[in-house]
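Record features, source Swiss-Prot:
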{"type": "ACT_SITE", "residues": "His268", "note": "active site"}
{"type": "ACT_SITE", "residues": "His352", "note": "active site"}
{"type": "ACT_SITE", "residues": "His356", "note": "active site"}
{"type": "ACT_SITE", "residues": "His385", "note": "active site"}
{"type": "ACT_SITE", "residues": "Asn389", "note": "active site"}
{"type": "DOMAIN", "residues": "52-334", "note": "domain 'FAE'"}
{"type": "SIGNAL", "residues": "1-25", "note": "signal peptide"}
{"type": "TRANSMEM", "residues": "32-52", "note": "transmembrane segment"}
Amino acid sequence: MFIAMADFKLLLLILILLSLFELDLLHFHHDFFSPFPVKIGLLLISIFFYAYSTTRSKPVYLVDFSCHQPTDSCKISSETFFNMAKGAQLYTEETIQFMTRILNRSGLGDDTYSPRCMLTSPPTPSMYEARHESELVIFGALNSLFKKTGIEPREVGIFIVNCSLFNPNPSLSSMIVNRYKLKTDVKTYNLSGISVDLATNLLKANPNTYAVIVSTENMTLSMYRGNDRSMLVPNCLFRVGGAAVMLSNRSQDRVRSKYELTHIVRTHKGSSDKHYTCAEQKEDSKGIVGVALSKELTVVAGDTLKTNLTALGPLVLPLSEKLRFILFLVKSKLFRLKVSPYVPDFKLCFKHFCIHAGGRALLDAVEKGLGLSEFDLEPSRMTLHRFGNTSSSSLWYELAYVEAKCRVKRGDRVWQLAFGSGFKCNSIVWRALRTIPANESLVGNPWGDSVHKYPVHVT
């Protein structure tokens, strides 16, 4: 286990002070200032600062991140999607009309991406094609990340992969170990949910370490091939994408890192049956597997978000907003007055908003519920339009959009808000450590070739 440079200096100071017990270096006439009491006092002070430095929480830095951009040959327009659906000879005419209405109102553009096997007529999904999709996305994001940071794969001590619907054997993390020939003691994890919290806790237990998070989803084997309407919406919204994020707890990385993690708030409402079953992978009446979305999904998401914000608010809101909340409680609870629901003004504490691009209806609900502006939701809506719903990696496409627009300034706070089945809601707050200049903002950025076209009006 390595010793951080700051801890090493403190340890060295203690050793020097201990040596003073053998060397009579201090000479004072007053008994109070005799060498022995002075040495004891200095030693106790040093021990205190050493204990403080080793027990306090170490900062977690976001060195950089990278999002995968598939090739143009994988682009799928609305017309291509409908031709694919008809060519598959799996869907009834009513189902195709239903998916047409969903896609036309989805907020997706014509430049999103699909697995190559889904663009053939008929589609040819297989385990081989599913692995091919994951390899393209994961290795594409990782290669870009290692190039941007200059960090070698073998320098990374922790790898975490989160992918909900594709869990092959060997695992996706083992695929990374094999591809980059990682060390035998590397720590690897495969998750089906959001993973920044796990990475942060692992970094607390492993000093002087890099941790890489890979967020992706697999579309090849996830496409629903039946006619149950509750399972057809994911077909219309989900697209190929993935991101890789480099985190560090090394103090020397602060200078070059983009962001510092300030807060993580996780909310899990799985104890409620309504929340637990609102997004569920299961078989339809004919035994065809798909992800069924409840009509109450937006309501469930709003309820989970409310619980999450109750915990997040006290951590980030200014004193003025906290006083407003206390006043609201006094009026509504103590005096039983009919008052409008209290909605915190999160624009007072966050400069940039990266809301999970799960769908147009979800973004509309969050925008209205939190009183956000079109500008605040621009990164999320444009990500949905350009890349579709790429699951948890959409948060990173959104942050990449903000950087591509040269909006990130030193000291800005970024709020990433994610939703997941279960039902879960996670808030992640970052503070920008430096201004991202124009000559850096487009390097390895998936928006590099298209950001000048955005924002666009989405009907």
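Cβ coordinates are placed from backbone N, Cα and C, and glycine is handled just like the others.
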**Prompt:** Out of His268, His352, His356, the active-site residues in the record, which is closest to Asn389 (active site) when you go by Cα distance?
**Reply:** His356
**Prompt:** Other than its own, how many Cβ atoms are within 10 Å of the Cβ belonging to His356 (active site)?
**Reply:** 26
**Request:** Look up Asn389 (active site) in the DSSP assignment and report helix, strand or coil.
**Result:** strand
**Message:** Can you tell me the CA-to-CA distance separating His352 (active site) and His268 (active site), as a whole number of Å?
**Reply:** 24
**Message:** For a quick check of understanding: among the active-site residues His268, His385, which residue's Cβ has the most other Cβ atoms within 10 Å?
**Reply:** His385
**Request:** Taking only the Cα atoms, work out how far His356 (active site) lies from His268 (active site), in Å, as a whole number.
**Result:** 16
**Message:** I'm trying to understand the geometry here, so how far is the Cα atom of His385 (active site) from the Cα atom of His268 (active site), in Å to the nearest whole number?
**Reply:** 29
